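Pulled from Swiss-Prot:
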type     : residues : note
COMPBIAS : 226-237  : compositional bias 'Basic and acidic residues'
DOMAIN   : 19-98    : domain 'KH type-2'
REGION   : 218-246  : region 'Disordered'
Amino acid sequence: MPTKVVKHFLNQGLLRTKIDEWLAQNFYEAGYSRVKVVQTSLGTNITIWAERPALIIGRRGATIRRLQEVFQTVFGLPNPRIRVEQPENPMLDARVQAFRIARSIERGIHFRRVAFAAINRIMSNGALGVEITISGKLTSERARFEKFKAGKVYKSGHKVDELVDRASAYARLPKGVIGVDVIIVKPGKPGDHVRIKSEEEVKDVVDAIRSEIESLGLQEETASTLREHMEAARPGEEHEEDREES
């Protein structure tokens, strides 16, 4: 049976999941990304990241005040203090891009055009790879999916936790629901990274090695010359010492 401590953390995780789903559903147009909830002795600090923070703040903070009431009454968070920020790079945020693709499809833009535009936008911001999967009744009554990919996309391994961001969204159309799945490999240096040097870089390395070898050769030649001079000078020194003794 789980202890009280385990139950406490399970309930906290469940509460954060409910808050995240509620915000994603209600601030879909704002490009909602994620939320962070920190409970302190003075109240609850809530940080919300979204592509368009103004839609969450509202006119003169009206939406923020309504959010505070929801957090207090629905989720039972005492004294909530809300802060809204924009992600560091919305173009590399999988959830923001998934919501943007879904909104574009809902506006009637062809899904292939939306997917290719999103790939160009994401890759131009430094992503190592991106994969977009769009599924549903795309061109006929029969459901299917199409996958669009660029760069290198990791599906397993420890690099998934370090570099990969993944999110899903849904576009609601009269003919049915279209699913959007986005995987973004953020900028970084993976373990299997191999960089091939250019001809100029290879030439510079070869020249540096050659000069180092030549300098070592000169040092050895100088040392051998000194040894020869020292050996040649020794018999004369011994002869002078013999004459002094005689």
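Heads up, the Cβ atoms here are built off N, Cα and C, so glycines get one too.
Owing to the predicted nature of the structure, the values given are computational and were not obtained by experimental measurement.
Predicted-model confidence for the domain 'KH type-2' (19-98) is 88, expressed as mean pLDDT. Residue counts for the domain 'KH type-2' (19-98) under DSSP, helix first, then strand, then coil, are 36 helix, 21 strand, 23 coil.
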